[in-house]
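Annotation source TrEMBL lists transmembrane segment at 30-54, 145-167, 206-230, 250-270, 276-297. According to TrEMBL, the feature domain 'G-protein coupled receptors family 1 profile' maps to 45-294.
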Amino acid sequence: MNLDFTENRNISIPSYFYITGLSGIPHMRYYYIFLFFVYFISLLGNSCLMFVIIMDRNLHTPKYISVFNLSLTDICESTAVIPQLLDTFLFGNQLIPYGLCLSNMFSNMLFFTEQSLTLTVLSFDRLVAISLPLRYHMIVTHGSMLAIIGASWTIAMLLTMIGAIFMSRLSFCKFIVTVNSFYCDHGPIYRSACNNNFPSSVIASLFPAIILGFPVFFIIFSYTCIAVTLFKITTPQDRHRATKTCTAHLILVAIFYVPITFTYALSSFINANTRIFNLSLTTVLPPMLNPIIYTFMTEEFMVSVKRLLKRQITFK
């Protein structure tokens, strides 16, 4: 029993968590192979985007500090989710040790939180750029943007540590705990505890409001102010130019927030497989799409790419 079960200060720790994933669906191997290609494109796209930002001095601006941070977070999120997911289901390793499971859970929470906060920071950048253009370079400096990004990482790590502390105090009555998700999901795990899980249930209700609710509220507020400012712009050319600078960010926001908001809002009405499938896609697709959207929908970035390519061809 000592090999399977550990008791310490009345806290019973299981040896393994069993991740169910998508059950009863044929040919799921092809879906996991698809996720491998998603991961490869995510790594390639975000690495290229970061490389262009580093190499082109014209992109060494506060805005692209946030874009760089988003790409870095996308790589971390994809690496935290997809390799473990492939190992779990493609190679049949659905029994995950307690320590590895909690590590997987909180790395996902950390990077997901940072993704959400970075999108919020980018909306702040657009708000100041369009609503207060004359004061933009005084408000949004390299120093202030680095401070904001540092604060967002601090908040993400603090929330993750709080979740980890309360999760470590849960006791489980089984040697192997079944988790109905595609990874070590906080909700199914804390509900499987056999001691008082009230603090974790509060976290499960409060954290989505902090991680999703506040950023969405701030983004809606930002774009409401931007819309009011755009209506005050008299010339259609200036209005179109200002709107174009927001398009890429709005698409990123929609891709990130809309699917996961609907999935959580309708979780009581959809079956487990649909929920797991939606959550897996909303986790892995945004990191792949973000660099593609920024490359093709941001004019200044396309100019930088062409400049670097021309420089490379001239050098050769």
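Keep in mind that glycine also has a Cβ here, set from the backbone N, Cα and C atoms.
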Any chance the transmembrane segment (30-54) and the transmembrane segment (276-297) have 3 or more Cβ pairs under 8 A, given the pairs are 6 or more apart in sequence?
yes
Where does the mean pLDDT land for the domain 'G-protein coupled receptors family 1 profile' (45-294)?
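Looking only at the domain 'G-protein coupled receptors family 1 profile' (45-294), pLDDT averages out to 91.
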